[in-house]
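> Below you'll find the structure I mean.
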């Protein structure tokens with residue numbers, strides 16, 4: 001008992017001494033638990049649903065993900081930036097209105113493009129049920145808005161618990177529909193909605209402070225939209241290009257064969273497990289820290305994030321590269337042999353992505369969105385072009401694609417470091433000038 005008390009006291013002391021690491025661990029715990037449950041449940045769902053069904057679900061998710069990036073016009077990301085909570089509330093309301101409009105428009109577009117979806121991907125089920133994408137977009141984007149609000153309030157436990165409950169709800173929902181006999185795309189999508197709707201309801205009922213009346217002297221939503229106009233003008237195009245790249249790859253694979261897309265999607269989800277363990281947690285905590293960092297300290301903070309992400313990720317990814325070709329078919333079933341080979345091919349890309357994702361917020365803080373936008377355009381055009389016109393077989397194409405993506409992400413690390421150095425120099429010069437004037 002005395003040992004347990006000493007351990008708790010030591011952990012409490014470490015949390016007080018290192019609040020950033022404490023916040024990361026809170027978010028990472030919720031994400032890790034959710035990912036662990038998802039992987040365990042996938043052992044069963046991979047034997048219930050076919051690769052083709054997973055391919056259809058991957059297409060639905062890809063289309064939804066692209067619209068989610070657009071839905072809030074990126075004003076949700078800016079919620080952590082204002083000095084006052086009232087200004088942040090205005091941004092949350094602005095993002096919510098944009099989300100509602102985009103979700104409705106996406107639903108209408110899904111109805112209108114049914115013949116195109118059927119012709120391109122050849123799935124009657126997907127074409128028929130695609131209008132549900134509007135609901136998926138609204139739920140996902142609104143949850144993101146509230147998560148940024150809780151991040152601003154440093155209520156990391158709320159975010160972590162909601163991520164866990166949402167992930168578990170989606171995973172168990174899919175398993176339940178599959179065991180109930182709905183072993184098609186519909187079982188996967190309806191199961192996923194259980195987690196999405198729960199996340200929306202759970203965060204919504206706790207988010208009362210977001211909707212508190214603002215002070216009379218608070219800038220109007222129109223004024224806040226103008227003040228943070230770089231979010232839709234620069235940050236949004238960059239995020240959209242990223243979404244088109246990631247999801248466009250899956251959509252192009254789906255044009256060739258839904259079964260191959262299902263194999264790719266399983267490999268992607270397996271690799272996302274170690275990434276999701278740390279990326280979301282580190283990114284959200286350090287975005288809030290970056291927004292309030294003192295002049296001259298941003299470069300050190302960015303480099304510390306890079307180093308920490310590398311140290312956390314190198315072991316799991318090396319292990320995955322070694323064991324993936326035989327581990328995936330052993331765990332998920334013999335129909336997933338191709339997924340094991342795809343996992344090994346993708347390791348270089350996603351290993352470097354683990355390092356770059358947490359520091360992407362530095363371009364927002366330093367006002368260098370134009371840099372990352374230019375990089376993102378090239379980062380999208382090159383892989384999509386290679387995937388569309390490669391003369392090689394599918395697996396060889398993915399191997400070269402992974403190396404190309406890893407190389408371009410290393411360039412992004414250099415750009416992030418340069419942006420931080422420039423910000424530190426400029427901020428330091430301004431402070432010196434102000435001191436001289438005083």
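Cβ atoms are placed via backbone N, Cα and C, with glycine included.
Any TrEMBL annotation is an automated prediction that lacks curation.
Pulled these features from TrEMBL for this protein:
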TRANSMEM  20-45  transmembrane segment
TRANSMEM  57-77  transmembrane segment
TRANSMEM  98-117  transmembrane segment
TRANSMEM  129-149  transmembrane segment
TRANSMEM  184-201  transmembrane segment
TRANSMEM  308-327  transmembrane segment
TRANSMEM  347-365  transmembrane segment
TRANSMEM  372-392  transmembrane segment
TRANSMEM  398-420  transmembrane segment
> For the transmembrane segment (184-201), name the stretch out of 57-77, 98-117, 129-149, 308-327 with the most CB-CB pairs under 8 Å.
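Most contacts with the transmembrane segment (184-201): 129-149.
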> Under an 8 Å Cβ to Cβ limit, what residues of the same chain, 6 or more beyond the ends of the transmembrane segment (129-149), are close to it?
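For the transmembrane segment (129-149), the far contacts come to 60, 63-65, 67-68, 71-72, 76-77, 79-80, 88, 92, 95-96, 99-100, 102-104, 106-107, 110-111, 113-114, 117, 159, 162, 166, 185-186, 189, 192-193, 196-197, 199-200, 203-204, 207, 209-210, 284.
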> Considering pairs 6 or more residues apart, do the transmembrane segment (347-365) and the transmembrane segment (98-117) have at least three CB pairs under 8 Å?
no
> Where among 57-77, 98-117, 308-327, 372-392 do we find the most Cβ pairs under 8 Å to the transmembrane segment (398-420)?
372-392
> Grab the same-chain neighbours of the transmembrane segment (57-77) for me: Cβ-Cβ under 8 Å, and only residues 6 or more beyond its ends, written as numbers and ranges.
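For the transmembrane segment (57-77), the nonlocal Cβ contacts are 91-92, 94-96, 98-99, 102-103, 106, 121, 123, 126, 129-130, 132-133, 136-138, 140-141, 144-145, 148, 185, 188-189, 192, 224-225, 228, 231-232, 235-236, 239-240, 242-244, 246-248, 250-251, 254, 258, 261-262, 264-265, 287, 364.
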